[in-house]
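Everything below concerns the one structure shown next.
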Amino acid sequence: MLTPLRQPGSVSLRGLIPSASFVGCADITVSSVASHSDECTPGCLFVTLPGHQTHGRKFIPQALQRGAAAILTDFPLADISLPQCIVSDVPKAYGQICHGLFGDPSRHLGIAGVTGTNGKTTTTWILRSLLEYASRPTGLIGTIENCDGILSEPSVLTTPNAMTIAQLLAAMREQKTRYAAIELSSHALDQSRPAGMGVDVAIVTNLTHDHLDYHTNFENYVAAKAKIVNYLKPGGILVLNADDEHWERLIPELNQQVGTLTYGQSDDADVTFEILEMTPRGSRFRIHFGVERMMCETSMIGEHNISNCVAAACGAIHLGLTTEEICEGFAECGPVPGRMEAVECGQDYRVYVDYAHTDDAIANVIQSVREISKNRIIIVCGAGGDRDRTKRSAMGRAASLADQVILTNDNPRTESPEQIVDDILCGFDVSANPPLIEFDRRKAIQRAMELAHSGDTVLVTGKGHENFQIIGEQRLPFDDVKSCRDAILHTIRATGQSNFPAKVAG
């Protein structure tokens with residue numbers, strides 16, 4: 001993992017958290033902290049974080065066996081003889097401690113935090129590219145990778161825990177990195193993982209239904225997203241998408257003193273944009289920043305991606321870039337891995353791999369292709385197992401906008417693939433547009449290439465940049481881009497007859 005070379009210092013909990021009370025001591029000086037009992041080391045502070053299913057208090061005995069010297073908890077524990085620090089919000093205090101140990105690195109960085117159902121990865125990736133092009137070394141924390149400005153590594157979570165965030169920001173500071181673009185998921189915001197960090201710009205790309213298996217309803221989901229404002233530094237700004245139908249739901253959650261900036265194609269937005277041209281090679285668009293007009297070009301396609309570009313531009317302006325630097329940066333910004341990523345092997349049809357795994361995202365990628373082509377669209381898609389079942393029928397309705405749908409496994413995990421497909425099929429009119437079903441993802445991709453004619457477009461959605469597939473408890477190697485490339489080459493070499501018959505739903 002990317003970690004700073006300098007070891008963490010120590011902090012006084014009474015000095016760091018004045019509202020805390022103490023049992024068995026007047027103060028606790030912390031030089032190491034653990035939120036999992038198996039990470040405890042002799043002399044550390046053990047943090048009893050609330051979990052979605054199990055509370056950290058349950059693991060205090062194991063923490064004591066490993067040498068924990070003090071406990072951070074939200075109420076006094078009578079049966080524990082160790083010193084205790086009592087706080088009202090344990091996750092928030094944990095974040096403050098983690099960042100305090102590393103000297104509050106976010107104070108020394110210009111940081112943009114990005115949340116939203118769709119577009120977080122693309123927006124942070126573009127923003128980093130704009131800053132880097134303008135010679136502002138920039139780190140990244142997100143779904144694809146974590147980067148300290150020099151070194152990078154694949155991510156495990158979209159937003160890691162508070163200690164990992166603190167370590168990454170400290171590593172950025174050591175590398176003389178000046179800025180950071182950070183994805184903030186709804187789970188992370190709900191669990192206060194960014195606590196202890198401050199952001200200069202908070203961007204909300206959009207709000208659509210997702211993760212309701214965790215949040216239980218859309219209102220809780222919106223409330224979790226709105227928590228991003230809790231991390232704004234003094235003078236920070238909240239950037240909202242005025243084209244999103246739910247953006248005004250955030251307003252009741254906001255502090256009256258939060259500065260906001262809206263963007264969109266709507267004339268009511270503070271920053272407006274218009275798409276001038278879209279071709280398979282890219283897009284031209286104009287951004288209106290007050291009296292300034294920015295003529296921009298990008299290799300990206302799709303209205304949703306241009307919206308992400310404008311969100312990144314709003315963040316870049318607040319972080320100090322000029323409009324000229326932004327325009328030049330867009331022209332140099334490369335593709336985002338697994339986001340409308342083109343796969344080209346000499347075939348006479350287009351192939352894109354995209355991470356789209358919500359109904360809104362699937363509809364967006366299909367619409368993106370409709371804007372540049374009048375030929376058929378073939379989509380390969382599925383839905384993740386052991387995750388939000390409520391969105392699957394809507395994903396099916398969105399996928400049915402394509403001319404041919406092939407349903408397949410995404411990451412089925414421990415759930416029945418047949419059940420997942422049945423849920424998706426609830427959104428289809430199978431008599432009008434019957435999808436094909438092929439549970440083997442590699443075979444489904446191969447089938448799509450065999451069905452494609454000259455000028456058609458194949459969309460492979462759901463996994464994007466991922467290089468694995470989770471089936472049961474196994475995490476198996478799988479790469480959509482590689483599978484597409486292999487399937488294209490196989491089809492080019494073959495006679496054109498399918499070796500993989502698929503059954504038709506209905």
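Here, residue 1 is simply the first one shown, and the rest follow in order.
Positions of Cβ are set from backbone N, Cα and C atoms, glycine also.
Taken from TrEMBL, the feature domain 'Mur ligase N-terminal catalytic' covers 31-74. If one looks beyond the domain 'Mur ligase N-terminal catalytic' (31-74) by at least 6 residues along the same chain, the residues whose Cβ comes under 8 Å of a Cβ in the stretch are 8-10, 13, 25, 80, 82-91, 93-94, 97-98, 101, 161-163, 214.
If you look up TrEMBL, you'll see 114-314 marked as domain 'Mur ligase central'.
The ATP binding site annotation in TrEMBL covers Gly116, Thr117, Asn118, Gly119, Lys120, Thr121, Thr122. Taken residue by residue with DSSP, Asn118 (ATP binding site) is part of neither helix nor strand, so it is coil. The Cβ of Asn118 (ATP binding site) lies under 8 Å from the Cβ of Thr205, Asn206, Thr208, His304, Ala356, Thr358, Asp360, Ala361, Asn364, each of which sits 6+ residues away along the same chain.
Per TrEMBL, N6-carboxylysine is recorded for Lys225. Annotation note: Lys225 (N6-carboxylysine) sits in a helical segment as assigned by DSSP.
Here the domain 'Mur ligase C-terminal' (338-464) has, by DSSP, the following mix of helix, strand and coil residues: 43 helix, 24 strand, 60 coil. According to TrEMBL, the feature domain 'Mur ligase C-terminal' maps to 338-464.
Among the features that TrEMBL reports, meso-2,6-diaminopimelate binding site is placed at Arg387, Asp410, Asn411, Pro412, Arg413, Gly462, Glu466. With a 10 A radius on its CB, Asn411 (meso-2,6-diaminopimelate binding site) counts 24 other CB atoms from all the protein chains.
As annotated by TrEMBL, motif 'Meso-diaminopimelate recognition motif' applies to 410-413. As a whole-number mean, the pLDDT of the motif 'Meso-diaminopimelate recognition motif' (410-413) in this prediction is 98.
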Long-range environment of the motif 'Meso-diaminopimelate recognition motif' (410-413) - Cβ separation under 8 angstroms, sequence gap at least 6: 357, 381-387, 420, 441, 462-463, 469-472
Cβ contacts of Gly116 (ATP binding site) (under 8 Å, same chain, 6 or more positions away): Thr123, Ile203, Val204, Thr205, Asn206, Leu207, Lys225, Asn241
Spatial separation of Gly462 (meso-2,6-diaminopimelate binding site) from Thr117 (ATP binding site) - C-alpha basis, Å: 14
Site of maximum Cβ density within 10 Å, from binding-site residues Asp410, Glu466: Asp410
Non-site residues, in chain order, whose CB comes within 8 A of the mean position of the CB atoms of Arg387, Asp410, Asn411, Pro412, Arg413, Gly462, Glu466 at meso-2,6-diaminopimelate: His357, Gly382, Ala383, Gly384, Gly385, Asn409, Lys463, Gln469, Ile470
Count of other CB atoms lying within 10 Å of the CB belonging to Thr122 (ATP binding site): 28
Number of Cβ atoms other than its own within 10 Å, given for Gly462 (meso-2,6-diaminopimelate binding site): 26
